[in-house]
Amino acid sequence: MASFTKYGRPLLAWLTVALFLVYGSGWMSELSRDTVAISLFAWLFVMIVWTAFGVVHEAEELATRLGEPFGTLILTLSIVIIEVALISAVMLGGTGTATLARDTMFAVLMIVLNGVVGLGLLIGGIRHHEQTFNLQGASSYLSVIIPLATIALVLPNFTTSTSDGTLSPVQAVAFSLLTMALYGLFLWLQTGRHKGYFVAPKSTAPNEAEPPPEPQPKMPPRELARRIGMLLVYLLPIVILSKSLAKVLDYGIDATGAPPALGGIIIAMLVFTPEGISALISIRGDQLTRAINLCLGAAASTVGLTVPAVLAIGLFTGQSVVLGLPSASIVLLTATLVLSTLTFSGWRTTMLEGAVHLSMFVVFLVLTFSP
């Protein structure tokens, strides 16, 4: 079974790519038939998620050899590449997608900060009663997430150069550069000067300095190249298939009259499911710091990398990109960021924090279908 997963997963992924390259146009012309649309969506969704698990596996292998935070960073960046590819495919190939990037980023933040964090802390509290984590790392993540999320998803509603939650070209360029610079600085500190903030603490004493992380054995260059090559083998078919999935998703939402925000939720679930499962497994194994790196890292990279990408697409194609959230979503985002700050401002977490975050996630789901 392990051998089939190792070799069968990329083989089936690339076989799916070949089939869609050859027959995809004909299949897309038959989307008006419900059975065809449902079958294609299920096929693409399952294949992309299953292939994304391959990305998770290769990233975890790299994490074992390279140590934290490099492993989770590689995984997070790989997942964001998938997210940007899916959003770009929809923006370049569909209509009525002005709010897709906003909806996807907001959905990722809600799924990560409330859904996965809430379920994880609840499971961790039941299994371990209390769990400790590296406070400095969590605080660093939130210090980046809060301004980036505010600039991207709240501020556009209050600017006067444009209306309807969009940005002017000058604002789009300036905010994109600012976002990339801030996130780039964070990555430099995370992998260099302050990488000790993102490893599990050796001591829980509040006033005791953390010792530097133990050096990891170096991975041979050939092994490193092989692992990176396998990452690309798994990533490329996802990027290629994203165009076909975008067409099916766009058609399905229009045909069923579903809320437009559902497209963002589906994309968020698609790209974050493997990483979310990995985070839950880490929490169950009492590795809360690694889970925080995965969850908060995904939130930071989603805003830090998706915003510049979609704004660039909007500028080059002339498409309108609506980033400003509706009023109810702004309230929910604000409450989530405040709650996350409170949750990760101490040295331990319990079931209570998990239950509160999960309740916020339920509110998000209700507002999606009944705004």
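Heads up, the Cβ atoms here are built off N, Cα and C, so glycines get one too.
All annotation found in TrEMBL is predicted automatically rather than curated by experts.
Segment annotation: TrEMBL labels transmembrane segment over residues 138-158 (candidates 12-32, 138-158). Taking H, G and I as helix, E and B as strand and the rest as coil, DSSP gives the domain 'Sodium/calcium exchanger membrane region' (228-369) the counts 119 helix, 2 strand, 21 coil.
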